[in-house]
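**Q** Here it is: the structure, laid out below.
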Amino acid sequence: MALAPVPKLVLGSVAFAIFWVLAVFPAVPFLPIGRTAGSLLGAMLMVIFRVISPDQAYEAIDLPILGLLFGTMVVSVYLERADMFKYIGKLLSWKSRGAKDLLCRICVISAVSSALFTNDTACVVLTEFILKIAKQHNLPPHPLLLALATSSNIGSAATPIGNPQNLVIAVEGRISFGQFLFGILPAMLVGVVVNAFILLAMYWKVLSIQKDEEDPVAEYAAEEEVNSHQFSPATMSHFNSLNSQEWNTRIDGFNIPNSPQVQTLRNQSAVSHGEIDRVLDSTRNSNASKEETNGMPSLTKEETNGSPSKADAILDKPVEADLLLTSETKDYRSVRWKYVLWKSFVYIITLGMLIAMLLGLNMSWTAISAALALVVLDFQDARPSLEKVSYSLLIFFCGMFITVDGFNKTGIPGALWDVMEPYSQVDRASGVAILALVILILSNVASNVPTVLLLGGPVAASAAAISQEDEKKAWLILAWASTVAGNLSLLGSAANLIVCEQARRAPNIAYTLTFWNHLKFGLPSTLIITAIGLTLIR
């Protein structure tokens, strides 16, 4: 491919370099504006430098990818409200048989949940829970956190909705959900097993240390902390929610009798804040109607002709208390059943979305339709749920699309591919190996999504010249290698950084996962799993 004129080439390279620095190092001292603003800055510079025109910039934004990303994020928000991630977390500690068993469970559960709900979401909701389990059983957090981050990346490679670069590949390569899944699933399954074996081999001694004697009271407190853990995806939480103490204060403020039902409602994390409000309003209205009917608050000595015994007899009737308790029980059960029914519909709609994608329906519109169905089904103001969507990520993608398209128009990526193409043919084992190595390096230098945007077109075009099957295989190789490449270093993927930051900021159980500790495991694991997976991709 011919290079653009020198001014356009130089200015386009400068704009892309600024975008790259801010995308890889969002808190760089001389311009700490973050990834999202960095992508918009790179896009703006591409237009200002006349590398691309404003119309070309708008055309570079891939709306199907943004629609699919938005839809899956909204569905994840409602799944979180429906306690899906709480149930996933409970699977980790249910009848656990020790540290090694826990590590294997983390590998499997994080991989499956990442394939269905994206790797970033899985890492957000499970990191703190794993730290609490490690504290409860006096286990080292390091291998468990590595298992979560690396297995989430591997598992997310199996589906188009597992991570952002797969969304790009599925849309650009016109690969259906089913083709994508069955093409990479064998590699994913074997990769998760191999990853678990490598973790066990490297940390066998650490995981074999017996649990020390613990104070029974402290152990019970730790277990209660694990059981009461509530998940709140940080990547999708831009509104301030009330903590449990504030909710208890609100409940007490309504002067509701401390019945077992209300106490259960206080302690049960399965009921969302909206449901608690409904129960409180229902119970308060029920009590108010009883007070108007029975006249209980206005019953005084004066109104009973100064006869305290008559007033006390009426106020102390056990029948009235029984009726009040029965009403509360009915209100609680009614709301509880409605909530269970709502959760069931959330799971059914999500399953329907996955089935529709497997059947080959348009993935973007399927995800958006499922998201809107959940909004309508909720039958209340959707703003609190929609505010949890990471709109900064959508804006980042818009800027990145424009910036990468402008850099492609400089001719530099095409010229570099012209040099590599003869050695990177996907119909030869040596070509696949070289292509995978290039993807691994670029994904850790330029990040995986820009790598896919830069290499996707040229790699697919080169493979299409061989055969149609080789074209799809090239896209799947790009998906597998760019995703597993995220395990190489701590900076390789957003999921790694999420685990690191969540662990570092966890109250009372904070743990720092260092760059070198991750690299010692990530380097051999990435090379081995990538090589094995390439032989299994169909």
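Glycine too: its Cβ is placed from the backbone N, Cα and C atoms.
What TrEMBL says about a protein is an automatic prediction, not a curated fact.
TrEMBL feature annotations, pasted as is:
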- 27-485: domain 'Citrate transporter-like' (DOMAIN)
- 281-312: region 'Disordered' (REGION)
- 6-25: transmembrane segment (TRANSMEM)
- 37-53: transmembrane segment (TRANSMEM)
- 65-81: transmembrane segment (TRANSMEM)
- 180-204: transmembrane segment (TRANSMEM)
- 345-377: transmembrane segment (TRANSMEM)
- 389-408: transmembrane segment (TRANSMEM)
- 429-446: transmembrane segment (TRANSMEM)
- 475-499: transmembrane segment (TRANSMEM)
- 519-537: transmembrane segment (TRANSMEM)
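For each feature listed, report its degree of burial, its nearest neighbours and the pertinent distances within the displayed model.
**A** Across the residues of the domain 'Citrate transporter-like' (27-485), the predicted structure has a mean pLDDT of 78.
When Cβ-Cβ distances below 8 Å are used as the criterion, the transmembrane segment (37-53) is approached by residues 4, 8, 11-12, 14-16, 18-19, 21-23, 26, 31, 60, 395-403, 405-407, 409-410 of the same chain, each at least six residues removed from its ends.
Same-chain residues lying 6+ beyond the ends of the transmembrane segment (345-377) with a Cβ under 8 Å from its Cβ atoms: 63-65, 67-68, 70-72, 74-75, 78-79, 81-82, 84, 116, 160-161, 170-171, 176-178, 181, 385-386.
A Cβ distance under 8 Å defines the sequence-distant neighbours of the transmembrane segment (429-446), meaning residues of its chain 6+ beyond its ends; these are 20, 24, 420, 423, 454-455, 459, 474, 477-478, 481-482, 485-486, 488-489, 491-492, 526, 530-531, 534.
Sequence-distant neighbours of the transmembrane segment (519-537) (same chain, 6+ residues past either end, Cβ-Cβ under 8 Å): 146, 150, 154, 157, 183-184, 186-188, 190-191, 194-195, 198-199, 202, 432-433, 436, 440, 473, 476-477, 480-481, 484-485, 487-490, 492.
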**Q** Are there residues at least 6 beyond the ends of the transmembrane segment (389-408) whose Cβ is under 8 Å from a Cβ of it, and what are they?
**A** 12-13, 15-16, 19, 23, 35-36, 38-43, 46-47, 51-52, 56-57, 60-62, 65-66, 69-70, 73-74, 77, 164, 235-236, 414, 449-450, 453-454, 457
